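A.B. asks: According to Swiss-Prot, the record shows the following:
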{"type": "REGION", "residues": "1-31", "note": "region 'RNA-binding'"}
{"type": "MOD_RES", "residues": "T13", "note": "phosphothreonine"}
{"type": "BINDING", "residues": "H25, C31, C50, H56", "note": "Zn(2+) binding site"}
{"type": "MOD_RES", "residues": "S61", "note": "phosphoserine"}
{"type": "REGION", "residues": "68-97", "note": "region 'SOCS box-like'"}
{"type": "REGION", "residues": "75-109", "note": "region 'Disordered'"}
{"type": "MOD_RES", "residues": "S82", "note": "phosphoserine"}
{"type": "MOD_RES", "residues": "T105", "note": "phosphothreonine"}
Amino acid sequence: GVSIEWTKKRYSTQVDPDLADRLIHLYYFDCFSESAIRNAILGALVSGRCEYQAGHNKVGSLQYLALTALITPKKTKPPLPSVRKLTEDRWNKPQKTKGHRGSHTMNGH
């Protein structure tokens, strides 16, 4: 098995993964995100600000953030609108006609 050890000056203790993530958040990354992890992996200095100095649960796990930073997501196309939506848009938009007050078919001429 693997254990995680936290060392601060002369103090050392074993920590679980959740506590390790909060400690990393508190001491090394101010609200690390996918981009912060990616930058850290590339060797860039990462800094930012967080309102929760003790860490918080909204920070994703370091393992998840590192994985998402390394794997590029597939680009997905948005779904096509329904036929109903397409026909609503087509029929509800006013048609512009040059120099006429109304359509000939609407006037009965």
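Glycine too: its Cβ is placed from the backbone N, Cα and C atoms.
The shown structure was predicted, so the numbers you read here are calculated from the model rather than taken from an experiment.
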A.B. asks: Counting across all protein chains present, how many other Cβ atoms fall within 10 Å of the Cβ of T13 (phosphothreonine)?
C.D. replies: 10
A.B. asks: Give me the mean pLDDT over the region 'RNA-binding' (1-31), rounded to a whole number.
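C.D. replies: Averaging the confidence scores along the region 'RNA-binding' (1-31) gives 76.
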